[in-house]
Amino acid sequence: DVVETQEHYKSRWRSIWIMYLTMFLSSVGFSIVIMSVWPYLQKIDPTADASFLGWIIASYSIGQMVASPLFGLWSNYRPRREPLVISTAISVAANCLYAYVHVPHSHNKYYMLTARALVGFGAGNVAVVRSYIAGATSLTERTSAMANTSACQAVGFILGPVFQTCFTLIGEEGVTWKFLCLQLNMYTTPVLFGALLGVINIILIFAIFREHRVDDMGRQYKSINSDGEGSDVLDQNAEGSIDHVAVVALNILFFVILFVFAVFETIATPLTMDMYSWTRKEAVFYNGIILSVIGIESVIVFMVVKTLSKKTGERAILHAGLLIVLVGFFILLPWGKKLPNIQWQEIKNNCIPRTAPSEMLAPFWSLPELQLPSNHTAEPVGCPVTQSWCLNTPMIYLAQYISSDVLIGLGYPVCNVMSYTLYSKVLGPKPQGVYMGWLTASGSGARILGPVFVSQIYTHLGPRWAFSLICGVVVVSLLLLEIVYKRLIAFSVRYGRMQK
């Protein structure tokens, strides 16, 4: 066996920390605009509706789904620095494009769609990050390293909305630099900040990142893509076949986990605007605060599961996480009698609180003539009458919404880190770039279908149908986990090289 030197150990963990940073920036690139996409879309292109919002959110994941296997394959045969730098540069350019989507005189929504798709394409480097960390850590280090990776991702989701919330102070108009045709406002400044972070990340990859690889026992051996950086270590070929049933099952479970979370984060702004009559700015601000608090909760969860998994095992924790997510969405179902305020199209910003039972509702044309409130604004608020379910579906109380946020914020990070950890352990010491690419693509597919699903079902059928279907999906995933439970074991344990 080759003993790892102190210098090699420090270099290996410095490189892992650069991967943590890359994961953090990838999640910031997604979350820094997630709360403002809908109001910004309405501002730059009034022809865009809630259904198109789903495609805008999904475009990020379409790009990531396409790019992840490609970057993963690239990283299996070439130095990982190459796909990392190229992907980050694409994200930087795409963020700059997003800052200019207001400039064209027409079809602005399609420019936004393109910009978000390119940001997602750059985020395909998540597969490279995960595969590197899996290959650069021993089996005993793996859970902790994967938890730290997911924690950095969660911190990105925390700080993204925090940055967005801070930038709301600039306002919708902001400052215009005519010589650059650039508006610095609450919608464009966050993405330009994200572009700056990407440039810093590229510099750090060149300056600090090095290729390292160890086996499940922590012994060094040469990486096939090390370009000479690990020539002094042991070359070792892993024997044994991967359990592809477990691999496919974990891909399906990961798809479900990302699907339900994509639904949750996509629906937050439209749901709160409909249920609580929040304006665009209020929805961005308040949801930014709520998601930031939930993100802090997630980071705490990541730190706890590292210790808890040593006592109970990753499989049991994954099972518990899915149950918590199920309860979170069940609570979000509308149960009361009070109906949401209605946004009447012919009367700007007139919100009518109603508590009549749904079966006793009169048609809206028979209601008495209404007067504008003295403090009305040009922006209509409330549940649009074009969404027919608004007339007979009870509102979701704020306490329900907050409780659901807390539970989903607890269950999602548990499921996320445990699925990644189990996946990397099932794959073992073989190069994981392509496999991690497919896992990332599964999550990206979920992020594509989740926003489209919820925007269509929510718009046409309402929250009761949307969240009931989500509960059904989570129940099916729990059944799948029970079926493959005994197969979700580490590669080295399966072949008797290590004790369970």
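Yeah, the Cβs are placed from backbone N, Cα and C, and that goes for glycine too.
TrEMBL annotations: computationally assigned, not manually curated.
What you are looking at is a predicted structure, and each value in this text was computed from that prediction instead of being measured.
Record features, source TrEMBL:
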- 15-489: domain 'Major facilitator superfamily (MFS) profile' (DOMAIN)
- 17-40: transmembrane segment (TRANSMEM)
- 52-72: transmembrane segment (TRANSMEM)
- 84-101: transmembrane segment (TRANSMEM)
- 113-133: transmembrane segment (TRANSMEM)
- 154-171: transmembrane segment (TRANSMEM)
- 191-209: transmembrane segment (TRANSMEM)
- 245-264: transmembrane segment (TRANSMEM)
- 284-305: transmembrane segment (TRANSMEM)
- 317-336: transmembrane segment (TRANSMEM)
- 401-423: transmembrane segment (TRANSMEM)
- 435-459: transmembrane segment (TRANSMEM)
- 465-485: transmembrane segment (TRANSMEM)
Exercise. Any contact between the transmembrane segment (284-305) and the transmembrane segment (154-171), i.e. 3 or more CB pairs below 8 Å with pairs at least 6 residues apart?
Worked result: yes
Seminar exercise, completed: Per the Cβ filter (under 8 Å) with a sequence gap of at least 6 from its ends, the transmembrane segment (435-459) is approached by 49-51, 53-55, 57-58, 60-62, 64-65, 68-73, 120, 124, 126-128, 130-131, 134, 247, 250-252, 254-263, 266-267, 270-271, 387, 420, 423-424, 427, 465-466, 469
Exercise. Across the domain 'Major facilitator superfamily (MFS) profile' (15-489), what is the average pLDDT of the model, as a whole number?
Worked result: 80
Problem set entry | Tertiary contacts of the transmembrane segment (154-171), as residues 6+ beyond its ends and Cβ separation under 8 Å | 23-36, 184-186, 189-190, 193, 281, 284-285, 287-289, 291-292, 295-296, 298-299, 302, 413
Exercise. Can you name the far-off residues of the same chain, 6+ from the ends of the transmembrane segment (401-423), with a Cβ under 8 Å from a Cβ of it?
Worked result: 130, 142-143, 146-147, 149-150, 153-154, 247, 250, 253-254, 257, 260-261, 264, 271-272, 275, 290-291, 294-295, 297-299, 301-302, 305, 309, 314-315, 317-318, 320-325, 327-329, 331-332, 435-436, 439, 488
Problem set entry | Cβ-Cβ under 8 Å with the transmembrane segment (245-264): same-chain residues at least 6 beyond its ends | 57, 61, 318, 322, 325, 329, 408, 412, 415-416, 419-420, 422-423, 426-427, 435, 438-439, 442-447, 449-451, 453-454, 466, 470, 473-474, 476-477, 480-481, 483-484, 487-488
